[in-house]
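Trainee: What follows is a single structure, and I will ask about it in a moment.
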Number of protein chains: 2
Amino acid sequence: MQPGLMRQGTGILPIASPGFPGSTAILRQPSWPGSATARGPAAHGEASEGALIAPASALCFGVAVTLACRRQRRRLRALSQKVSGIALRAGGPQAGAGVTVVTSTRCFGGSLQRLEHTSAVLGGCTMLFTVFVPGGLFQGKQLPVVYWLSGLTCSDENFTQKGAAAFEAAAELGLILVIPDTSPRGEGVPDEEPKCYDFGVGAGFYLNATTEKYRVHYNMLDYVTKELPALVAGNFSILAGKSSIMGHSMGGHGALTIALKNPGMYSSVSAFAPISNPTQVPWGKKAFQLYLGPDESAWKQYDSVELIRSYQGPPLRLLVDQGTADQFLEEQLLPGALQKACEEKGMALTLRMQEGYDHSAFFIQSFIADHLRFHSSQLTGLLSWCPESLPAPSVYSAATEQSLAATAPRLRSMVVLFLYICVCIAMQVLFIR
Amino acid sequence: MQPGLMRQGTGILPIASPGFPGSTAILRQPSWPGSATARGPAAHGEASEGALIAPASALCFGVAVTLACRRQRRRLRALSQKVSGIALRAGGPQAGAGVTVVTSTRCFGGSLQRLEHTSAVLGGCTMLFTVFVPGGLFQGKQLPVVYWLSGLTCSDENFTQKGAAAFEAAAELGLILVIPDTSPRGEGVPDEEPKCYDFGVGAGFYLNATTEKYRVHYNMLDYVTKELPALVAGNFSILAGKSSIMGHSMGGHGALTIALKNPGMYSSVSAFAPISNPTQVPWGKKAFQLYLGPDESAWKQYDSVELIRSYQGPPLRLLVDQGTADQFLEEQLLPGALQKACEEKGMALTLRMQEGYDHSAFFIQSFIADHLRFHSSQLTGLLSWCPESLPAPSVYSAATEQSLAATAPRLRSMVVLFLYICVCIAMQVLFIR
């Protein structure tokens, strides 16, 4: 696999390449005032000399910049190590802000904290959620937040325990990760008898229930979009108005529907194997029937395909990965319906069918760093995330800018090479003559 | 955190920087025949012209090499993606080679397989182990093997489920990871009554038991050093004679003792929070008493500190990470004793006390990519792993070569910069005159 690559000359800095099919992430740097400086000395000579002196000066400048950058990087790394040696408390929860720290573990130079609080919107039950806060140079900085929504049967612990690749990427990109539970939990929370894996506790479907039995506790939509963000904002050093959302399976459905129902609230949304069209599949039909009642028209507000059709808001970019060996692909997930809806609407969807991957955490971990780079690109604007293949024709216009951005440095290199060869030939002709 | 950096001109290619305190990994590339080619055109001019033409030609050559390398990388990436699209079977177990595939999951472009077999050395019980085989460009290649030994209470599943960062690194570095169980398991395997977490099933201590009750089944030393390598060699495409070993806690003790007891068998050894001096701590005393009997002189052959003192074999490089917030640090692990023994012996130990990290999988995952880079450097020779601080004076000679290798490119860059500045000044003087 290819390691990352830094080219100071062009101000383009692709970071840690994913190694798997997907995308290239490019960090935009402030461009160096190279041309101006390079022209400086040449102004004292004749016009014809400029052709010789400018590239040499530019070259010296380039070498100097390269060395300066390397020194800077070394300094930054040393500082980062120094800072991360200090106990990680800044950016962590403050006392009396509605949460209790259950555990706090150091992880990839940052901290992973499990927090407990009493949830008003979930009928007063005690909820747990996990937050990863990057350390090192990001210590104490205001950072964007990415929410992770897990799938059926999960709590926050599944992702936390298996999420090493996610924390590694978040630590590098400077993203706070927030991982809530998948439903209300605890005594007094209603459920079906006998308990089933695809409904009730561990399967809140990220909606607000309306049926008598479930409407007091099962309000995961309000929990994820209102109560939890307020708690996170009150307890962590976050960049206001900069959040993204992602999830897996039922959590993928949650991420997509929540982003589509709240235009402008999330900078980007991505999903792994989402239940794309729940009104048409067994998991969705069962849950919606029990949470929302028999009126199928009420179900549509929680169906990504339906929400895309009726979407009215700022342009939203979707990234979806789907394993081809996923055991639920045909019956429950229907990514084809999502793709069709996006094509019809002209919504920018990057759907990647990942050969041989199943529905497991190994699938998620294999691509999560790339998803976080995607979110970082939309949240910070410092990173440009370019899918390797263009989206469908209907969203071609949305992709053009990105693909051009990816091509530009290559063209620039070619022009520079051509100019240098010209100078080289000119010099040889000049001196042989 | 800093992304990786490629400098074609000097033939040095530091790969994905860990971002955390530790080390820099540098991939050695075949050096380009730059000087010879650059001198080519200059030979036609006068000697004085050489000073002007050579750097320009060298520059053109440099740009051309840069572009060629970039093209090559793009081609390699495209090929890698193409290859990884093919079902991953090459390199996987063949039928009838003594193992049965229980599960096979795609993971980071490679495959994660859980295998079952009947173990002769463990008293005929059925054992499970997991193997990660990189895909992509490594598909079908003969690759080095790194063994991972887990700690108390674990099976192969703990590391597998939480090991995303390890598989990501192994996929990039082209390492096969083999993760055995921590003890014999199943019906008929003797254990203490009542069952305890630190002895018996899940706590084999990687030794060959000699007491009547345990000697038939508890032969984890023979299992890890003889039976398992033979199974791996018979079923996977491995690079013969190229293996390394690492582990955590009891597994760290296992890795260290196994490497020290078998000089030359492993190219390198590393450990996370190992039980360094088990004859002196409660975990070790309890286990050795029951597995080896009351004669304490027999215990010494399974104590890393004792084994280092009596080591006679080729130079062995040890890497040990230890969290300062580890709850077992003072009572059970004793890294100080290991350090003292290494200093006295002059053995090259890099012991890193990692500020604020505990004994958990988060600690392991935060540094495992760096450990795998360390092993890769020792296994392949293509990658140079340089600790940021030098080991203790007694092993200074062992570190000198590495630190020089890291300094050389910096010196080279300075010389190149100096030459270019001279040329630049000469040109300006020439033309202003």
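Every residue, even glycine, has its Cβ placed from backbone N, Cα and C.
Small disclaimer: the values here were computed from a predicted structure and weren't measured.
So TrEMBL lists the following for this protein:
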type	residues	note
ACT_SITE	A:SER249	active site, charge relay system
ACT_SITE	A:ASP326	active site, charge relay system
ACT_SITE	A:HIS359	active site, charge relay system
TRANSMEM	A:414-432	transmembrane segment
Trainee: Can you tell me the CA-to-CA distance separating A:HIS359 (active site, charge relay system) and A:SER249 (active site, charge relay system), as a whole number of Å?
Mentor: 8
Trainee: Run through the Cβ atoms and count how many others sit within 10 Å of the one on A:HIS359 (active site, charge relay system).
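Mentor: A 10 Å sphere around the Cβ of A:HIS359 (active site, charge relay system) contains 21 other Cβ atoms.
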Trainee: Between A:SER249 (active site, charge relay system) and A:ASP326 (active site, charge relay system), find the distance joining the two CA atoms and give it rounded to the nearest Å.
Mentor: 11
Trainee: How would DSSP class A:HIS359 (active site, charge relay system) in three states?
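Mentor: SS state of A:HIS359 (active site, charge relay system) = coil.
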Trainee: Can you check which residue among the active-site residues A:SER249, A:ASP326 has the largest number of Cβ atoms within 10 Å of its own?
Mentor: A:SER249
Trainee: Using DSSP and three states only, what is A:SER249 (active site, charge relay system)?
Mentor: coil
Trainee: Translate the DSSP assignment of A:ASP326 (active site, charge relay system) into the three-state scheme.
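Mentor: The three-state answer is coil.
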